[in-house]
Amino acid sequence: MRIDIGAALDATATPGVPPDALDRLDDRVAHAHDRITAGMDGDEFGYAALNLPRTVDVDAITAAADAVADADTLVTVGIGGSALGAATLVDALGDDDLDYHALDNVDPAHVTRLLDRIDLSTSAVHVVSRSGTTAETLANFLVVRDAMDDAGVDWTARTLVTTGDDGPLRALADTHDLPVLDAPRGVPGRFAALSTVALPAAAIAGVDVGELVAGAADGRAALAGSLEDCSAYAYGATAYALDQRGAGVNAMLPYAERLETFAEWFAQLWAESLGKDGVGQTPARALGATDQHSQLQLYRAGPRDKLVTMLRPASRPDCAIPEAELADIDYLTGGDLGALLDAEFEATAASLAASGVPTVRVEVPAVDARSVGRLLFDFEAACVLAGELYGVETFTQPAVEWGKNAARELLRGEDPLPETETHIVE
């Protein structure tokens, strides 16, 4: 991953990071790297995510995927990190012949519409819950299982499970002798894309999982004790420094349709990991060039509270723009859609810089397995580094757990929710 933080420095941006402040911050980056390295060496909770390129069993994942490789449709049943990683990998790299869906919400209209539309007899289902107790995942899977039963489909032959050692999902899998992959120990779901949580979906979708993991291993090998020597740390440190100076929003803007879901994955990673103790940078999601026509106005002329992260691949497929008899479009005809999209990228970067909006440019070689594996690993490492600089517990999510527990109690008719003031207008 190659990043350019020049347009985030104070010579261009407001807010911007002074070079001397970046130099001082690099001392903290060195200490943070030592802590991260120690956490990795001890395989500590959370830090173990950065060991996945070494510990993940690609052969076991590939073998599990091969059992349902004949599927025309794949449904991931999970939520949050148990679904976003798979969706990111399949959307970025998956075979176009596979009809892919992530059931990551319990909206009855959506669930029933999906199950009515797909051919369940040629579908594979991957159920993912690290704890095995996730209410939304269990509920959706029970609905899917019932639909397969009603359709006369042997759901046990079409289902793969990833979960922990205990919990209702593990018990169900054991009861019905379902194939089970162990969720990685000590790895929160949002950091588990490069594991049994998401890689099975990628493998079923025809992705070279070995190359994905190799790309992640490249990122692990590139970790170093200075932001000047490590692109992942440079990103995490710059985002942190800008937040400290008022850029409390981080807009992820990929210029590739296949990386649109990556922006969703990034949003969970950044928000759930860093949003604690009254600090954290709020992620926003956009897509270039589409959202130049919806959000760019705000980025350039709205509040000076944003970092814009612009992401693109260095190479793209060819798609020529034909000649036409229309006037005043000579700059288009005979060109290429990729060249047009890259021109939009460059023009947007220049327009943001001209307006003083802090911008970081991120470039990967291509949207291929090795590059995407490196991209995911590097942003995970950037997030861990930022968490060390913020001084937060990067790998927990207590605010989320409160809501989960309250929902369970509400459904069981136990403790009522605390009363809140209402002001209803109809």
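Each Cβ is built from the backbone N, Cα and C atoms, and glycine gets one as well.
There are 24 other Cβ atoms within 10 Å of the Cβ belonging to E272 (active site, proton donor). For the recorded site, E272 (active site, proton donor), the DSSP three-state label reads helix. Residues or ranges marked as active site, proton donor by Swiss-Prot on the basis of sequence analysis: E272.
Under the three-state DSSP scheme, H293 (active site) falls in the helix class. The active site annotation in Swiss-Prot covers H293 (among others) and is backed by sequence analysis.
Using a 10 Å radius centred on the Cβ of K404 (active site) and all shown protein chains, the other Cβ atoms total 15. Annotation comment: Swiss-Prot describes K404 (among others) as active site, evidence class sequence analysis.
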Sequence gap of 6 or more, C-beta under 8 Å: which same-chain residues meet both conditions with respect to H293 (active site)?
none
Would you mind reading off the Cα separation of E272 (active site, proton donor) from K404 (active site), to the nearest angstrom?
14
Let me know the DSSP-derived helix, strand or coil state of K404 (active site), please.
helix
